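Copied over from TrEMBL:
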type     : residues : note
DOMAIN   : 90-147   : domain 'Potassium channel'
DOMAIN   : 174-259  : domain 'Potassium channel'
TRANSMEM : 12-35    : transmembrane segment
TRANSMEM : 126-148  : transmembrane segment
TRANSMEM : 173-192  : transmembrane segment
TRANSMEM : 204-226  : transmembrane segment
TRANSMEM : 232-255  : transmembrane segment
Amino acid sequence: MKHEDKEKSSKASRYVQLIGFICYCLMGANIFQVLETDIQEELKLSFLDAERNLMETYGSITSEELETFLQMLSLSIKHGIIPTRNGTIYCSWDFRNSFSFVTSTLSMIGYGLIAPRTPMGQMFCVFYSLLGIPLTIIFLQSVSNVLLQPLSEFEKYLQNMEMKETQIRTCELLFFLVTGLSIFILLPPLLFMKMEGWTYKEGLYFAFISLSTIGFGDYILGINPANNYSSIYVAIITLWCTFGLTWMALFFDLISKNLEKAKIKLTSNKLWQKESQSSWIRLYFWPSLRR
């Protein structure tokens, strides 16, 4: 009975952490959108004026005027204002991109394409991350328990098969690697090919760079103005990122522990060889020690 109560309490705690984490992300996305939208709208109007002036003087444009327009274009793109082919202007600080920025920041991926430019937005980002990153780590630790549950069940199954301990550990490792690589690394690029127009290799590269929190920012999901992304796609990406980051952290931890074990074993073997060699030398020069 106590075990069931403990399990129920653990599940309730996970749900509370999940709801709290989502609410924290939603709050941050709204605040960043409010802080960054005003300056983006001003830059959008400035860019449209510069574009209009360029078109009016296209035939007799000077090098200085062209340079001024290119500087304005560079500044606009830096602030997330991207002109599209159909004549519309794409602004990056909508709610979806704000939420994407928040999750990439709290997960410490930090792509860098969308970032706060206003002083208020930058200062808020500092304090928001100071609290949000520890909360994210706690949340991902809870997610890791969910990911390790199937592994625990698989271990019980192997124990019932009366397998040896070394065989069980080997099978567990293979199960963890094969399922994780398939779900989080190998299969997602197929979705990226359909939704983002990338090649499979590009999607594979993006999946690893993102889940390992390297986050170069050369490939980012959901920012192509020409695509109409559904809310289902955004939800799938959020789940993939959450569980994928946890799996990758467990994967790196597993590798580091195995390397540490191999190092300890190698050191022990070297010490044993030195001790054996030293004992042989002592016995060779001092035969009386054999008695």
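Yeah, the Cβs are placed from backbone N, Cα and C, and that goes for glycine too.
Tertiary proximity for the transmembrane segment (204-226) is limited to same-chain residues at least six positions away from its ends with a CB under 8 Å from its CB atoms, namely 82, 84-85, 88, 90, 92, 96-97, 100, 104, 107-114, 184-186, 188-189, 192, 195-198, 233-234, 237, 241, 244-245, 247-248, 252. For the domain 'Potassium channel' (174-259), the DSSP-based tally of helix, strand and coil residues reads 63 helix, 0 strand, 23 coil. Note on the domain 'Potassium channel' (90-147): its mean pLDDT in the predicted model is 86. When Cβ-Cβ distances below 8 Å are used as the criterion, the transmembrane segment (12-35) is approached by residues 93-95, 98-99, 101-103, 106, 116, 118, 120-121, 124-125, 128, 132, 135-136, 138-139, 142, 145-146 of the same chain, each at least six residues removed from its ends. Among residues of the same chain six or more beyond the transmembrane segment (232-255), those with a C-beta under 8 A of the stretch's C-beta atoms are 96, 99, 103, 107, 140, 143-144, 146-148, 173, 176-177, 180, 183-184, 188, 191, 195, 207, 210-213, 221-222. Taken through DSSP, the domain 'Potassium channel' (90-147) splits into 41 helix, 2 strand, 15 coil.
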